């Protein structure tokens with residue numbers, strides 16, 4: 001139905017708009033387009049987040065070990081106060097980023113989880129079984145390795161640190177090697193990392209909590225109930241969810257449960273169904289295209305939306321219908337994703353990665369039990385857990401390898417699973433109050449992530465040639 005207008009000799013709506021854009025484009029606009037287009041293309045690349053995070057990490061380590069290192073580290077301890085009226089909240093910049101801004105990170109993680117569970121790789125047990133089993137092994141074995149090195153004392157609380165995989169770094173490396181690996185491997189690692197994130201969220205909720213305030217928990221439960229009512233009632237506007245999400249964060253902040261979990265809980269209440277079905281949108285699109293052609297053919301046609309209200313109405317209706325065919329979950333994920341990738345996570349790295357190698361005594365620090373436990377857990381624990389649990393799942397018939405993926409590919413992914421970084425750094429802040437133990441954990445995370453990335457890249461580069469599909 002939508003193609004009939006093209007067959008009848010009418011120019012498609014997209015071609016008309018592109019032609020008018022080229023006609024009306026000024027020379028300066030074209031110049032800015034040539035300058036900004038490469039930058040915009042970079043921001044849209046899958047690897048961009050990992051590249052920015054890597055650059056931020058290097059700059060943070062340089063700053064922390066420079067002549068201004070002490071001032072740089074003290075900067076994050078400054079106190080800030082914000083609120084409305086008598087409702088005031090005071091915290092350090094460090095806590096504002098870790099407890100506040102990182103809630104947006106967990107919100108995006110929750111949105112990704114819900115999407116994958118609804119329509120993605122985790123939507124059916126047959127597809128989800130292998131990455132879920134692999135993620136389980138990649139959490140259990142590293143925790144056991146760490147606990148074997150640190151079975152007693154305060155250091156034992158860090159067992160959750162090596163359980164997480166950083167999806168930005170790991171998937172970014174696979175994308176760089178995409179010409180040497182089957183496409184199914186990237187999908188497998190993405191599903192594994194998302195299942196891994198779910199496990200990390202559960203660990204934080206169940207084991208890294210402070211003294212529980214039942215009153216605050218009760219208030220948070222009431223807010224969560226209201227969010228669920230909004231979802232069931234078909235409310236798709238973002239503002240009510242945003243307001244209640246802030247109240248949920250404040251309640252959890254005073255409850256003893258880590259406040260960033262508000263992001264995950266909020267994400268699971270965001271509607272996943274669009275207001276307008278695709279078939280209805282297609283019909284509306286054809287109607288708008290016909291209306292646009294009729295307007296363009298009118299004798300009094302004015303090629304300027306500011307002085308042509310009918311043309312402006314068509315454009316506004318098209319924009320409104322385009323929003324309606326997207327679910328609130330999609331819109332929120334697309335809007336928040338770049339902010340989290342390029343603002344929140346780099347700020348988190350600036351705030352948490354800084355290590356003064358002189359104070360920690362680098363060589364001695366590498367031999368500390370916490371550093372060794374984290375490093376061994378991430379590098380060898382992740383590799384062993386992911387590979388062994390995957391083998392068990394396939395042997396028992398519970399899961400299956402993705403199309404064209406062979407065991408040599410999966411072993412490369414198992415090495416990349418040792419890139420912990422963001423979530424591991426976050427858990428280390430919850431596990432230890434002692435600054436020295438936090439520094440040792442950071443050193444272990446950075447060392448393990450670097451080793452895992454190097455081993456995984458080398459393994460997949462030399463052993464990751466694409467498998468030929470089996471003949472029928």
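Positions of Cβ are set from backbone N, Cα and C atoms, glycine also.
Cross-referencing 305-325, 410-430 with Swiss-Prot places the feature transmembrane segment at 410-430. The feature transmembrane segment, as given by Swiss-Prot for the ranges 185-205, 269-289, sits at 185-205. Within its own chain, the transmembrane segment (48-68) is flanked in space by residues 42, 168-169, 171-173, 341-342, 345-346, 349-350, 353-358, 421-422, 446, which lie at least six positions past its ends and keep a Cβ under 8 Å from the stretch. The transmembrane segment (237-257) is in contact with the transmembrane segment (210-230), judged by 3+ CB-CB distances under 8 Å for residue pairs 6 or more apart in sequence. Panel annotation: around the transmembrane segment (443-463), residues 57, 161-162, 166, 169-170, 173-174, 176-177, 180-181, 353, 355, 360, 362, 365-366, 370-375, 377-379, 382-383, 408-409, 411-413, 415-421, 424-425, 428 of the same chain, lying at least six beyond its termini, place a Cβ under 8 Å from a Cβ of the stretch.
Note on the transmembrane segment (410-430): residues 53, 98, 102, 105, 134, 138, 158, 160-166, 168-170, 173-174, 181, 185, 188-189, 192, 196-197, 200, 203-204, 208, 258, 260, 345, 348-349, 352-353, 374, 378-384, 386-387, 390, 401, 438, 441-442, 445, 448-449, 451-453, 455-457, 459-460, 463-464 of its chain, located 6 or more positions outside it, place their CB under 8 angstroms from a CB of the stretch.
With pairs at least 6 apart in sequence, the transmembrane segment (185-205) and the transmembrane segment (337-357) have fewer than 3 Cβ pairs within the 8 Å limit; the two do not touch. Pairs of Cβ atoms less than 8 Å apart link the transmembrane segment (185-205) most often to 157-177, out of 91-111, 129-149, 157-177, 374-394.
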